[in-house]
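Taken from TrEMBL, the feature signal peptide applies to 1-30. Residues or ranges marked as domain 'Plant heme peroxidase family profile' by TrEMBL: 31-326. Summarising the annotation, TrEMBL assigns disulfide bond to Cys41-Cys121, Cys74-Cys79, Cys127-Cys322, Cys206-Cys231. Annotation source TrEMBL lists site 'Transition state stabilizer' at Arg68. For His72, the entry in TrEMBL reads active site, proton acceptor. Residues annotated as Ca(2+) 1 binding site in TrEMBL: Asp73, Val76, Gly78, Asp80, Ser82, Glu94. Look at TrEMBL and you will find Pro169 tagged as substrate binding site. The heme b binding site annotation in TrEMBL covers His199. Feature annotation from TrEMBL assigns Ca(2+) 2 binding site to Thr200, Asp244, Thr247, Asp252.
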Amino acid sequence: MAASSASVSFPSFKLKYLLIFTCLIGIVSAHLSTKFYDKTCPKAVKTITKAVDEAVSTEPRMGASLLRLHFHDCFVQGCDASVLLDDTENFTGEKNSFPNANSLRGFEVIDNIKSTLEKLCPATVSCADILAVAASESVGALGGQRWNVPLGRRDSITASLSESNSDLPAPFLDLNGLITAFAKKNFTTQEMVILSGAHTIGQARCTFFRGRIYNESNIDSSYAAAMQAACPFEGGDGNLSPFDTKTSATFDNAYYQNLVNLKGLLHSDQQLFVNGSGITDSQVSRYSRNMGRFKKDFSDAMLKMSMLTPLTASQGQIRTNCHFINA
């Protein structure tokens, strides 16, 4: 009886949408495999993880940068390495969109990995797969839980500046805006809260949080004062502050603890917790107390994100230089 009641109350259009999405995921899964390069480039994954580990060891912030590169790639056209393409006289990439300009970094790490792989097995490992593996390894290197990345993505021959501007969640979004932005990529509200936890590592530019620390009331006063010291009311747009001032180089649950204490850096961060009255407050509270659950859920959500509409089989190409489409 309960099952029958649930099926009746569930809107038919949502059911149809869910079935279509589930079917698409099944099709994608059939083309991607963790063993994809076992015969064609058996050292591919080890080459990527070794390079990432070295880069993150040298500069822990690089872990957050590589994770962000993958996120900004997948949210625009799917996980196809379009974010890596440079502008040319005849081509417009995504690097100069509002969320990406003077912000994305880590390209040199991807370039070095690609160069090594091209020597080991030319025209075999895609830039999109490098980004996907690098994201997982970055999280693991900083103390988070890696996920088994299915491989076999191919690289796009297109990019979308407009989609980069419209689809990447902005730091000024309210909760409803965040929910809508993630729902557009088939993520639930719960998964949006999980993926926002990526802000437990990394830094943000003053221009993205100035409005919060000077104008908002739902912020710890001592925290606001500390952030204002690094981000003046005028000037200093590029000044950096960590999302988490205590363990910025460790992938833990401090992000959620900060939100509970009204110490979220971005407006969009603090929107996830509004003193117990918000629809996502209880989830934030749970993660603030349970680091193991957060790490597991984040790993699962990232695996799902890594499979957002990838190019497979004969689609796209395997770029020999991640910055440009093959001639």
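A Cβ is built for glycine as well, from the same backbone N, Cα and C atoms used for every other residue.
Curation plays no part in TrEMBL annotations; they are all automatic predictions.
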Beyond the site residues Asp73, Val76, Gly78, Asp80, Ser82, Glu94: chain residues whose C-beta lies within 8 Å of the centroid, for Ca(2+) 1: His72, Cys74, Phe75, Gln77, Cys79, Ala81, Val83, Ser156, Ala159, Ser160, Ser164
Chain-internal residues near Thr200 (Ca(2+) 2 binding site), provided their CB is under 8 angstroms and they sit 6+ positions away: Phe243, Asp244, Thr247, Thr250, Phe251, Asp252, Asn253, Ala254, Tyr255, Tyr256
Top Cα neighbour of Cys121 (disulfide bond) in the set of recorded positions Arg68, Val76, Cys322: Cys322
Ser82, Thr247 as binding-site residues, winner by CB count within 10 A: Ser82
Residues satisfying Cβ distance under 8 Å from Cys231 (disulfide bond), sequence separation of at least 6: Cys206, Phe209, Arg210, Ile213, Asn239, Ser241
Close recorded positions near Cys79 (disulfide bond), where close means Cα within 10 Å, chosen from Arg68, His72, Asp73, His199, Cys322: His72, Asp73
Of Cys74, Gly78, His199, i.e. the recorded positions, those within 10 Å of Cys127 (disulfide bond) when Cα atoms are compared: none
Pairwise CA distance, His72 (active site, proton acceptor) versus Gly78 (Ca(2+) 1 binding site), rounded so that it is a whole Å: 9
Rounded distance in angstrom between the Cα atoms of Arg68 (site 'Transition state stabilizer') and His199 (heme b binding site): 10
Binding-site residues: Asp244, Asp252 - member with fewest neighbouring CB atoms within 10 Å: Asp252
From recorded positions Cys74, Val76, Ser82, His199, the one whose Cα lies nearest Cys322 (disulfide bond): Ser82
Asp80 (Ca(2+) 1 binding site) to Cys74 (disulfide bond) - Cα separation in whole Å: 7
By Cα-Cα distance, the member of recorded positions Cys41, Pro169, His199 nearest Gly78 (Ca(2+) 1 binding site): Pro169
Predicted model, mean pLDDT over the domain 'Plant heme peroxidase family profile' (31-326): 97
Neighbourhood of Cys41 (disulfide bond), C-beta criterion under 8 angstroms, separation at least six: Leu117, Leu120, Cys121, Thr124, Val125
